[in-house]
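What follows is a single structure, written as structure tokens, with notes after it.
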């Protein structure tokens, strides 16, 4: 059976990369979002209630409780955490010795600390997904690099331990929960666009931050949009159970279908690090053999296959074809696919009702839980069998201790995850074991397991709602305040900002969906613009000179609600067209009774001036200097610069690595040393006979050390 050493390494590197992007993106926005002059100052969220130190840390788990001990306020502590998090994640991405459980525990704790004070700007599903994935990385990461281990059991990768595949199975289970729930909620929401298969005729122009490619995708034929929705349901609902298929090719087919979906989303929408995180999760569907990493895999000679193996291969192929046929039949049947040869189109429609789907979901949800149980039991039994192959009583004892600890943690996390997963079907939620509910309730605040369900309802069916802020000096002549990323200027093309998430622009999209009273932070934003606070202005325009009121703050600020649509192909120089709908926020000025009432109603009034006692501490000055050096860079440029730096370092590492390591798609980097083998491999006896094997020969990768 193919191992999972390289997929695990790929997963750990991917998690490190996403943490790096997430911390760096957040760092650029902290002063405007959480600083003393920000929209929602972080210092308001951490108020000691007279509780013990450990009690308040458990109830509100954030390292920022310790910021005053370092001479920092809460926002400065958040800056320090973000900087250190980005640097540590960068190190883990480049150096294999840093892919250690302690490192990933620190990254997880730092991001959890940020989420505790992040308020509405850190309430996104991908923030929860990163926390859950980051904690799984703590279990997946090896305690010791493979190069420092003794010989592995026969038939296993060098350095493999019996328990190593167990936590990696949880990654596959998380991917299943994410995708299956995201598909199911589109139908349980009763959204007419999803049920009518017309969701993508609206999605590209109504999503939060479209890319330029979204304009072109929006103008594709309607029948292709509807067929794409059918494909989405297929990939998100029907394919995920194949993640646990015993047939390897089915798992690989499921892998490529998920990759296709995520890549298309990345091309047409700016969803920060979410799609990258999902791609990282898909590594749990891979194996060493698929990554061309099995020792000697390419040099093995074909041998005659015994009839039992041939029969098993034939049965596997027949079962595989049966699964593909069943998926094809179900798609054609339940979505009424018909080919119109004259018009060269494919017609599609939903042929089942909401009641039928609800009954199907009620019937299927609990069996998917048992599918997970069966798959986990198989992994546990496989780990036990691998343990029996360990030689030496001391190694056996060490292996059984590790297997017991990791196995218990894996089962516990699986039980915890069943509670949020069962939210997709209330009946299943009520039938879960009460012990799972108690476990989940005990650790819910740590976000070890979360419920998911993206794009539940399609918004903007009658046009994309958009809030446009305006400022004025006299209350009669108004100037629009244009944001860097969200739609505003009709002639400006949509930007490409992935993997950065401009969190204010995202919340502006949510604010436009309802009245301003549903978004209390918006009143604080208006206040900061009236006050001319530069940290907030930099969230709107990083180059302050481009802000229309950079010389003097506006006397009045108001907001209008528009409906936006993509322009038609024939309109030259225009990406958008719009229509005024209504006033979103009334015209106010500093001291205006309306503004003061709203601030008091939402608890946003400044009760005391911000403390400045930490301004002179050495650490605070270092943070201030770092900010001054990085502030001229726009956030996407900073993140792309980090990505290019990683690519450059990897390129240099590849050049300096031995030839035998270059051929591997995940060649080990600094910190992993290879030792010459002294024991012959059965498939390369002649090459091993030499005293000093050529480091560039294929046999050098298949050698083993003596016990």
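Every residue gets a Cβ built from N, Cα and C, even glycine.
In Swiss-Prot, the feature transmembrane segment is placed on 10-30, out of the ranges 10-30, 31-51. Checking Swiss-Prot for transmembrane segment across the ranges 102-122, 144-164 points to 102-122.
Counted over residue pairs separated by six or more positions, the transmembrane segment (227-247) shares fewer than 3 Cβ pairs under 8 angstroms with the transmembrane segment (399-419), which leaves the two as not touching. Sequence-remote contacts of a segment are chain residues at least 6 beyond its ends whose Cβ falls under 8 Å from one of its Cβ atoms, and for the transmembrane segment (399-419) they are 136, 139, 161-163, 166-167, 169-170, 173-174, 177, 369, 372, 376, 380, 383-384, 387, 390, 429, 432-433, 435-437, 439-440, 443, 448-449.
DSSP assigns residue 489 (N-linked glycosylation site) to coil, not to a helix or a strand. Of the recorded residues, residue 616 (N-linked glycosylation site) and residue 489 (N-linked glycosylation site) place their C-alpha atoms 42 Å from one another.
For residue 489 (N-linked glycosylation site), the same-chain residues lying six or more positions away in sequence with a CB closer than 8 A to its CB are 482. Counting Cβ pairs under 8 Å that are 6 or more residues apart, the transmembrane segment (259-279) and the transmembrane segment (364-384) reach fewer than 3 and are not in contact. Note on the transmembrane segment (165-185): residues 4, 7-8, 11, 129, 132-133, 136, 139-140, 232-233, 235-237, 239-241, 243-244, 258, 278, 281-285, 361, 368, 372, 375-376, 379-380, 382-383, 403, 406-407, 409-410, 413-414, 417, 420-421, 423-424, 451-456 of its chain, located 6 or more positions outside it, place their CB under 8 angstroms from a CB of the stretch. Neighbours of residue 616 (N-linked glycosylation site), defined as other CB atoms within 10 A of its CB across all chains, total 9.
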